[in-house]
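Please read the structure below before turning to the comments.
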């Protein structure tokens, strides 16, 4: 008799911010945080969940300041894409050290470093139980890694985009500034837009809405929270169409 717990998702797209990899550091990658995240992803693989992963690059490069100083936006975005590849390489290595088979695919070709993104191959790898890390965003400037996460989530037919953040979900105001901020448990796409809640940028959010892919926002810094999300526990905030909120 199987003792494997039932889970809410078959295939997910996990979005992690680059800042999450910094831990207590002010820059770069905290090895302890990287190892913990790899172990949490390993738990999902052992549950039989297919995992696609997008990591931001903000821990290594932020283009806003340089853009204000006159740097061309396209150049800055290309540098940001390369930062996500660096994070992807670090995560792939951490997963391999945790005995998890992982592949890194980049939206911009980097022969000898990682694989070029290929939709059909990504699907095949996911079905075979490999973690697939999608790097370099969409491969185009002016699009965020949140947009890349939603795009890849739609392409691989993920059941949801799970966005790991530094807070417990979506609040009615900034919990760092307002101790009385209220955490939402469920929201519709239209409620997020009407209330002007900051979940992700508008291009990414409307992409998810138009393709009816749920978004789950949770605290990646809480150990075990990712596992709780995929097991269907009531943690974080789920955003979807109203008819799906009772499912």
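Cβ coordinates are placed from backbone N, Cα and C, and glycine is handled just like the others.
What Swiss-Prot says about this one:
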BINDING   15, 16, 17, 18, 58, 62, 165, 171, 174  ATP binding site
REGION    23-28  region 'Involved in allosteric activation by GTP'
BINDING   57, 77, 138, 139, 140, 141, 142, 143, 144, 145  UMP binding site
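Feature map: annotations from Swiss-Prot on the structure.
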residue : record           : DSSP class
15      : ATP binding site : strand
57      : UMP binding site : coil
138     : UMP binding site : coil
144     : UMP binding site : coil
165     : ATP binding site : strand
174     : ATP binding site : coil
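When pLDDT is averaged over the region 'Involved in allosteric activation by GTP' (23-28), the result is 86. Within 10 Å of the C-beta of residue 142 (UMP binding site) we count 11 further C-beta atoms, all protein chains included.
Within the group of binding-site residues (15, 138, 174), the Cβ with the highest number of other Cβ atoms inside 10 Å belongs to 15. The CA atom of residue 57 (UMP binding site) is located 12 Å away from the CA atom of residue 15 (ATP binding site).
Take the binding-site residues 17, 140: by the count of other Cβ atoms within 10 Å of each Cβ, the lowest one is 140. Here residue 165 (ATP binding site) is compared against the binding-site residues 140, 142, 144, and the shortest C-alpha distance is to 144. Annotated UMP site 57, 77, 138, 139, 140, 141, 142, 143, 144, 145; additional same-chain residues within 8 Å of its Cβ mean position, judged by their own Cβ, are 80, 81, 137, 147, 148. Candidate binding-site residues: 57, 58. Fewest other C-beta atoms within 10 angstroms, 58. Helix, strand and coil counts from DSSP across the region 'Involved in allosteric activation by GTP' (23-28) read 0 helix, 0 strand, 6 coil.
Ranking the binding-site residues 144, 165 by how many Cβ atoms sit within 10 Å of each one's Cβ puts 165 at the top.
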